[in-house]
Amino acid sequence: MQERKRVLVKFSGEALAGENGFGIENSILKFIASEIKELIKNQIEVGIVIGGGNIIRGVSAAKGGLIKRTSGDHMGMLATVINAIAIQEALESSGLEVRVQSAIQMEAFCETYIMRRAQRHLEKGRVVVFAAGTGNPYFTTDTTAILRAVEIDADMVIKATKVNGVYDKDPKQFDDAVFLNTLSYDEAMQDNIKVMDDTAIALAKDNKLPIVVCNMFEEGNLLKIIQGDTSLCSIVKNN
């Protein structure tokens with residue numbers, strides 16, 4: 001009998017916008033749906049966390065001083081709900097069963113997050129999209145991804161981004177940037193390394209949860225990673 005695999009995939013909100021830089025690009029939704037469908041076909045249980053940066057970022061909204069940081073973060077949480085509903089529609093259009101669970105109660109749109117209910121959905125082959133972050137300001141959607149992964153007992157978190165992994169410095173600015181295939185949690189928390197915020201990585205470290213950073217636009221990438229091929233991405237784990 002094949003061993004059950006359960007993963008949490010984190011998508012950035014900006015990635016949904018494509019070249020537009022804002023809003024939601026339908027072609028990207030369709031691509032995400034096709035990639036997730038392949039995982040479900042291979043008996044992999046999938047949870048998803050999506051950012052809201054294609055609509056608004058709490059930190060950016062609060063920069064001018066008019067909007068408080070807490071209110072900015074609340075606005076960001078609502079943005080993730082918009083994205084979660086969009087992903088739900090795309091996944092359902094591809095024939096998958098999907099549930100959106102929000103950390104903030106909004107019964108007209110989605111379920112309220114309950115850990116045990118989320119686990120049951122996953123066991124039944126449904127995709128669960130976790131929205132509204134942790135429900136608290138000052139916590140990123142990266143931290144949300146790690147938290148939900150720990151709660152649902154996921155085997156790994158895959159951070160699907162617009163780049164193929166982690167570098168020792170910004171490859172867009174430095175031609176000599178070195179690609180890092182494997183990092184420890186402590187290395188991932190160094191100032192020059194941009195994987196996730198320190199709160200997220202510390203939580204992953206405490207729970208020995210691997211984090212894989214990969215290019216979300218590489219067809220078949222998610223399935224390859226879960227099946228053990230991490231040659232074209234970066235993985236953060238215990239040494």
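Quick reminder: no glycine exception, Cβ is built from N, Cα and C everywhere.
It is 18-23, from the ranges 18-23, 120-125, 132-137, that Swiss-Prot records as region 'Involved in allosteric activation by GTP'. From the candidate list D73, D153, D155, the residue Swiss-Prot records in the UMP site shared with G52, T134, G135, N136, P137, Y138, F139, T140, T141 is D73. Listed in chain order, the residues near the UMP site other than G52, D73, T134, G135, N136, P137, Y138, F139, T140, T141 are G58, G76, M77, G133, T143, T144, each with its Cβ within 8 Å of the site Cβ centroid. If you draw a 10 Å sphere around the CB of K10 (ATP binding site), it holds 27 other CB atoms from the protein chains shown. If you count neighbouring Cβ atoms within 10 Å for each of the binding-site residues G52, G53, the highest count belongs to G52.
Residues K10, F11, S12, G13, G53, R57, T161, Y167, D170 are the ones the record ties to ATP, and the longest Cα gap between any two of them is 24 Å. Neighbour list (S12 (ATP binding site), Cβ cut-off 8 Å, at least 6 residues apart, same chain): I50, G51, G53, A160, T161, K162. Between the listed binding-site residues, namely T134, N136, T140, T161, the fewest other CB atoms within 10 angstroms of a CB are found at N136.
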